[in-house]
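Asker: Would you mind keeping the following structure in view while I ask a few things?
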Amino acid sequence: SVGFKAGVKDYRLTYYTPEYETKDTDILAAFRVTPQPGVPPEEAGAAVAAESSTGTWTTVWTDGLTSLDRYKGRCYHIEPVAGEENQFIAYVAYPLDLFEEGSVTNMFTSIVGNVFGFKALRALRLEDLRIPPAYSKTFQGPPHGIQVERDKLNKYGRPLLGCTIKPKLGLSAKNYGRAVYECLRGGLDFTKDDENVNSQPFMRWRDRFLFCAEAIYKAQAETGEIKGHYLNATAGTCEEMIKRAVFARELGVPIVMHDYLTGGFTANTSLAHYCRDNGLLLHIHRAMHAVIDRQKNHGIHFRVLAKALRMSGGDHIHSGTVVGKLEGEREITLGFVDLLRDDFIEKDRSRGIYFTQDWVSLPGVLPVASGGIHVWHMPALTEIFGDDSVLQFG
């Protein structure tokens, strides 16, 4: 007769629903779950669904004031991971209503915000997300995309070439600009600020921007080609970041750069909107990604961070090189490279793609192969990445 009974209860009673048929509007997630010894996989999967949606550790009377059935995440399928002991892929469906429109920040806060510290789990990794068109349509996405960038630069049918200016720290702005000019004059399309170059005592950002702009215009005049330098606008505050982007626009240069993980998705999305409104291309560096994506059984796979960036906005993103790594790695990398570039990507577990993804004409992002590559890698790089890529040397 008691209408309400408190106490700890199993999550799987409410959140494990193997008979659930996913909706076209659901956000689907694939988690690699390693339960603690003695915790059944259904309970672990349901715990993930609960804690990343409407659940808390007990029943509360306010649950009766809403429709949990409408708002709860559901673990709808669990499968063991081949070759791994006590690891499972748990598939979770989230109703679209749980997420704020146009906010990657809110999406991640909900899906991966709390659940990774969960006691019932030894480890947890978000392997993939299916973003439904109903949600992706609430995002601007990349400021320009691959085709518009090629049209702006008048460069077709080949990868774009770039290099990072070294030594990355310690040069004066004048000498930095000299190096930029030599590289661009020598035939590169782009040069790049290193991700650590922001505005340090030995080279303040405004001086660097001026000397780099001078180098760009000189090289353009002498070669008759359009040149660019990724001016790093990353800063300690969003206001300062936008200030730097405004100055780049005033100089008339074609592209700025941002570290999207250290800078954060909120700042990145603001910058992407500014770039579209003002005709700037946006180059994205992924500093800090390995902190999140390197462990095989815990964290977030980079393909999820790549999808999130396509939604938040960027025209280029660093995506690894593949060169000299294992074959399997190559397939996985090509999987998320296609997720960045293509309109429609079929589910293909051999490439790590857990869901079919339809981007419905959201602009594509150019993958940037960067990090320890040199001229002898060229044949492999062009074969792996094809024409729609940026090969970033140095």
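Even glycines carry a Cβ here, placed using N, Cα and C.
So Swiss-Prot has the following annotated:
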- LYS5: N6,N6,N6-trimethyllysine (MOD_RES)
- ASN114, THR164, LYS168, ARG286, HIS318, SER370: substrate binding site (BINDING)
- LYS166: active site, proton acceptor (ACT_SITE)
- LYS192: N6-carboxylysine (MOD_RES)
- LYS192, ASP194, GLU195: Mg(2+) binding site (BINDING)
- HIS285: active site, proton acceptor (ACT_SITE)
- LYS325: site 'Transition state stabilizer' (SITE)
Asker: Assuming the binding residues for substrate are exactly those in the record, ASN114, THR164, LYS168, ARG286, HIS318, SER370, what is the maximum CA-CA distance in angstrom, rounded?
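Answerer: Farthest-apart Cα atoms in ASN114, THR164, LYS168, ARG286, HIS318, SER370 are separated by 37 Å.
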Asker: Quiz question: given the recorded positions LYS166, LYS168, LYS192, ARG286, HIS318, which has the greatest number of C-beta atoms lying within 10 angstroms of its own C-beta?
Answerer: LYS192
Asker: By a simple count, how many Cβ atoms lie within 10 Å of the Cβ of ASN114 (substrate binding site), its own Cβ left out?
Answerer: 11
Asker: Name them in sequence order: residues not among LYS192, ASP194, GLU195 whose Cβ is within 8 Å of the mean position of the Cβ atoms defining the Mg(2+) site.
Answerer: THR164, ILE165, LYS168, ASP193, ASN196, VAL197, TYR230, ASN232, MET257, HIS285
Asker: Tell me the Cβ contacts of HIS285 (active site, proton acceptor) under 8 Å, same chain only and six or more apart in sequence, or just say none.
Answerer: GLU195, ASN232, MET257, HIS258, ASP259, TYR260, HIS318
Asker: Give me the non-local Cβ neighbours of SER370 (substrate binding site): same chain, 6+ apart in sequence, Cβ-Cβ under 8 Å, ordered along the sequence.
Answerer: THR164, HIS318, THR321, VAL390, GLN392, PHE393
Asker: I'm trying to understand the geometry here, so how far is the Cα atom of ARG286 (substrate binding site) from the Cα atom of LYS166 (active site, proton acceptor), in Å to the nearest whole number?
Answerer: 19
Asker: Between ASP194 (Mg(2+) binding site) and ASN114 (substrate binding site), what is the CA-CA distance rounded to a whole number of Å?
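Answerer: Spelling it out, the Cα of ASP194 (Mg(2+) binding site) and the Cα of ASN114 (substrate binding site) are 33 Å apart.
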Asker: Would you mind reading off the Cα separation of LYS166 (active site, proton acceptor) from the residue listed as 'N6-carboxylysine', to the nearest angstrom?
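Answerer: For LYS166 (active site, proton acceptor) versus the residue listed as 'N6-carboxylysine', the Cα atoms are 10 Å apart.
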